[in-house]
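Asks: Pulled from Swiss-Prot, these are the listed features:
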ACT_SITE  GLU43  active site, proton acceptor
ACT_SITE  LYS130  active site, schiff-base intermediate with substrate
BINDING   THR70, LYS130  pyruvate binding site
SITE      THR157  site 'Plays a major role in determining the stereoselectivity'
Amino acid sequence: MESKVVENRLKEAKLIAVIRSKDKQEACQQIESLLDKGIRAVEVTYTTPGASDIIESFRNREDILIGAGTVISAQQAGEAAKAGAQFIVSPGFSADLAEHLSFVKTHYIPGVLTPSEIMEALTFGFTTLKLFPSGVFGIPFMKNLAGPFPQVTFIPTGGIHPSEVPDWLRAGAGAVGVGSQLGSCSKEDLQAVFQV
């Protein structure tokens, strides 16, 4: 899937469910439950046992954009791409990982936090960036970074409650990553997110 298509689908999804589990079966059940609630983008972290198998089991579903998260090595990136990940996310920026992923036809979203990291990511041509950990710094932090970097689409992730997602989207986020707190949300709770 082409990068522009992936970026557009992530923006349409608005919320990216970040799956971090101790068990492969539990992770698959979480994903199915989230799909029933209307979630359309899922990032399976590579701290989850069997992450590649989980991605592979959802790769042909048309109702989901499935990606790999917490990818910190070229080996993990290769495994994720082979499993069928439609996007790959790392918690930070690594020039080595960025260079490796330039040869893989999977959309890459590097993580950043500082202006220096953003500038380095831009030199590699990345304009959609995971802002991590966003919940600690809040919306004003993202807005301050957007001032000098208007060409960047931020995907804030880390410590964000689902009820806060609409505020992040209104502040300019392209999409928002949310983790474990999604499990307690009902389909109705998530409608507020999808309406923004």
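Even glycines carry a Cβ here, placed using N, Cα and C.
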Asks: Going by C-alpha distance, which of the recorded positions GLU43, LYS130, THR157 is nearest to THR70 (pyruvate binding site)?
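Replies: Going through GLU43, LYS130, THR157 one by one, the closest to THR70 (pyruvate binding site) is GLU43.
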Asks: Given THR157 (site 'Plays a major role in determining the stereoselectivity') and the residue listed as 'active site, schiff-base intermediate with substrate', what distance in Å do their CA atoms have, once rounded to a whole number?
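Replies: A Cα-Cα distance of 7 Å.
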Asks: Across all the protein chains here, work out how many other Cβ atoms are within 10 Å of the Cβ of THR157 (site 'Plays a major role in determining the stereoselectivity').
Replies: 27
Asks: Return the residue, from the listed recorded positions GLU43, THR70, LYS130, with the maximum count of other C-beta atoms within 10 angstroms of its C-beta.
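Replies: Output for this query is GLU43.
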Asks: Reduced to three states, what secondary structure does DSSP give THR70 (pyruvate binding site)?
Replies: coil
Asks: Expressed to the nearest Å, what is the distance separating the residue listed as 'active site, schiff-base intermediate with substrate' and GLU43 (active site, proton acceptor) at their Cα atoms?
Replies: 12
